[in-house]
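Scroll down for the structure; my scribbles are underneath it.
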């Protein structure tokens with residue numbers, strides 16, 4: 001049975017327990033009696049209200065969901081807990097977000113930073129960093145707290161990055177914090193900025209432009225489905241993962257990104273870069289389609305080499321943007337297809353209500369004509385199906401470890417799986433349906449086992465109904481990629497105090513937070529101050 005409990009320290013009279021899909025329950029601390037090392041099933045059910053009685057015992061406690069949950073009283077030398085045990089063994093779900101841990105202390109105990117920064121920003125610099133033990137190279141964004149005008153706003157940037165899981169989004173791996181700085185440890189991209197490539201080449205042929213723009217519209221579709229507006233789409237904020245011709249691009253810098261709600265899309269903060277900013281942003285009342293305007297400007301630039309709106313100063317540029325007038329008159333446009341020009345027009349529509357959205361852009365005839373790829377071999381072989389089967393048989397703790405390994409793996413080792421995932425993601429939502437995966441396997445000539453639907457449920461580790469990028473990688477990852485370095489990465493996530501050993505409490509630390517993040521619980525103690533115990537054998 002799955003088991004979740006919350007420790008109450010001696011100076012706290014109440015604690016919070018969490019049940020999957022249910023609101024938090026307040027429980028009064030049960031005072032210690034005799035210490036024991038065993039867990040005893042109580043004679044009563046969990047009520048969810050404060051527990052109080054003369055004998056300090058668990059009495060008259062009822063379950064809110066008696067069909068699925070029982071309550072237990074746990075006693076040992078350090079604490080006493082209410083245990084919430086699920087009667088079902090198949091509902092243990094977890095999210096990769098919970099593995100992106102935050103640490104306090106000296107970053108240089110773990111990483112060697114390059115002397116020269118890779119890039120500079122308003123609040124800090126990005127350096128190349130090398131893991132001292134594993135020799136893995138990462139990128140570290142170093143942000144000065146003194147220069148940050150709004151630290152909560154910066155923490156929202158971190159929160160947004162933790163929630164994103166897409167092949168075209170820069171991957172946040174962990175964070176550090178000391179008294180003066182905040183450090184974001186991310187994937188290292190070595191291929192340079194999209195901006196630099198535009199400067200070097202001048203313009204792109206349509207086939208390559210379609211390869212780039214499909215990725216941009218796909219990642220915008222992914223963000224907008226999750227009610228996130230980037231608000232600073234420009235070529236400087238896209239990096240090539242490596243220097244290869246077919247390298248994917250990664251969107252970076254979520255410093256201006258913001259959440260919007262389903263009822264009122266409007267945002268009011270003026271944000272963006274003059275060449276790429278949408279007219280509505282200048283008025284201080286705009287919606288998520290400001291990103292589509294910016295994408296349209298970027299699209300225009302990569303086809304001809306210069307922006308649609310220009311001037312000698314920011315004031316002149318913004319004046320041109322407000323008018324929204326541009327043309328395709330230069331000789332550079334002579335050989336550009338009408339379909340490409342039409343897609344640009346749909347992005348650069350002044351009326352945001354009539355402006356195309358990212359999902360519609362992906363279905364535009366231009367992509368069908370150009371196919372938007374380099375004919376990558378995306379067929380899955382029998383080994384992928386076998387890896388799925390093997391993953392489904394793993395213990396829950398092993399699945400947690402495989403998810404960490406998939407997240408920590410660099411894209412060099414995952415090129416084929418990444419191409420397969422993007423191919424299967426037909427609607428550009430950044431995740432795939434179970435039917436899309438089945439169709440892809442069948443189209444590759446593979447015979448599916450009779451219990452394949454059950455197997456798919458095992459791959460969908462967060463229970464969302466769709467298979468996310470890291471979920472797919474964790475299940476499809478070939479065991480030959482399980483290097484000692486990656487295995488140690490998984491070990492280090494669980495080894496909270498970095499003493500080279502993993503205790504039951506440390507396993508519970510990580511697993512508890514993975515569960516909390518899955519259910520979007522924000523009201524919980526700091527990691528270093530709480531100990532959670534979970535039935536890890538379940």
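Here the Cβ of each residue, glycine as well, is placed from N, Cα and C on the backbone.
Record note: among 387-422, 423-458, 459-494, 387-422 is the stretch given as region 'J domain' by Swiss-Prot. Checked against Swiss-Prot, the range among 23-70, 71-118 recorded as region 'Disordered' is 23-70.
For residue 471 (Ca(2+) 1 binding site), the same-chain residues that are 6 or more apart in sequence and have a Cβ closer than 8 Å to its Cβ are 96, 403, 459, 460, 461, 462.
Counting in whole angstrom, residue 232 (active site, proton acceptor) lies 28 from residue 466 (Ca(2+) 1 binding site) by their C-alpha atoms. Taking CA atoms as the reference points, residue 464 (Ca(2+) 1 binding site) and residue 501 (Ca(2+) 2 binding site) are 33 Å apart.
If you take every residue in the motif 'J domain EF-hand interaction motif' (396-405) and average the pLDDT, you get 82. Residue 501 (Ca(2+) 2 binding site) and residue 466 (Ca(2+) 1 binding site) have their C-alpha atoms 35 Å apart, to the nearest angstrom.
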